[in-house]
Amino acid sequence: MTEPGVATRQLPVGVSARVRVPASSANLGPGFDCLGIALGIYDEVIVETVDDGIVLDVEGEGSADVPRDESHLVVRALNRGLTHAGVSAPGLKLRCVNQIPHSRGLGSSAAAAVSGLAAASGLISAAGFGAGLSTDELVQLSSEFEGHPDNAAASVLGSVVVTWTETADDVNSYHAHRLSVHPDVCATVFVPDTESSTSFTRGLLPDAVPRADAVFNLSRAALAVVALTSDPRNLMAASADRLHQPYRASAMVPTSELVAELRARGHAATVSGAGPTVLVLGTAPIPADIRVLAQGLGFTTHSVAIAGGVDISAG
């Protein structure tokens, strides 16, 4: 874990910043814990330094279920970013506007961590205390909250990311490389009303898999990079998976049914992250009959942009 800094400077009262963070989808089929994509659904945070305390207003997705104090993930991440930079705040007033559905496999927790860290960076810059946190620092610190970098790095960098973790002396160093997506590639998400627990679905995964399945996924993950950047004709083959989706299928039956139906009709469908949302990456809009099919299984269809990364501006 990154060592925190020592707070040597305090932000003045009245400094503000605004951040806008995209949703993300992890794995993209074969790239378990290493591939991610930023999607055009956004959470926004407006923050201002005040004399004392924490004032937190939350609206939109998940607003009824999140705390309104220092334990809120955005506040924890913001304080982590300030501490890392050797800065403190007298008090904070935040407004969080959430559009990313919670517990649906669209990276809401990663977006919250990125939001807080980016807000810290914006405050540091607005106060004239330097350029704020670097992109590498945003990836590292947000991934520390998540425990893996695929969602967090996608929300920071945008587009599609390849991520990896290096470990030395039990300390994880998180890294990401941003890819340029082929202009013909478009994204569709099918979002259900039901939620899914990432920790629960991770618990369904085996400790070991057959060598043939590991080799299969290695080839498909490599092919996914080719398909997404230069040859979208291979998206169907490149989105196949044997490492995680089969083991989680029983925990999200409607999701598994929709993925199977979509793939049977030639759409490169995968479970988005830990589910239960379904992601399709293709080169054409989803036809009306597929939308009706998805609705019958309890899913709402959304065509979404492949998004850029976090945006930080003056409040």
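Cβ atoms are placed via backbone N, Cα and C, with glycine included.
In TrEMBL, annotation is done automatically, which means it is predicted and not curated.
Here TrEMBL flags Pro101, His102, Ser103, Arg104, Gly105, Leu106, Gly107, Ser108, Ser109, Ala110, Ala111 as ATP binding site. Residue density at Gly107 (ATP binding site): 31 other Cβ atoms are found within 10 A of its Cβ, drawing on all protein chains shown.
Broken down with DSSP, the domain 'GHMP kinase N-terminal' (73-158) shows 51 helix, 11 strand, 24 coil. Per TrEMBL, the feature domain 'GHMP kinase N-terminal' maps to 73-158.
Annotation source TrEMBL lists domain 'GHMP kinase C-terminal' at 232-282. Remark: secondary structure over the domain 'GHMP kinase C-terminal' (232-282) totals 26 helix, 8 strand, 17 coil, with classes taken from DSSP.
Cβ proximity to the ATP site centre (mean Cβ of Pro101, His102, Ser103, Arg104, Gly105, Leu106, Gly107, Ser108, Ser109, Ala110, Ala111, cutoff 8 Å) flags the following additional same-chain residues: Ala23, Ile100, Gly273.
Within 10 Å of the C-beta atom of Ser109 (ATP binding site) sit 18 other C-beta atoms, taking all shown protein chains into account.
Of all the binding-site residues listed here (Pro101, Gly105), it is Pro101 whose C-beta has the fewest other C-beta atoms within 10 angstroms.
When the binding-site residues Ser103, Ala111 are compared by the number of other CB atoms within 10 angstroms of each CB, Ser103 has the fewest.
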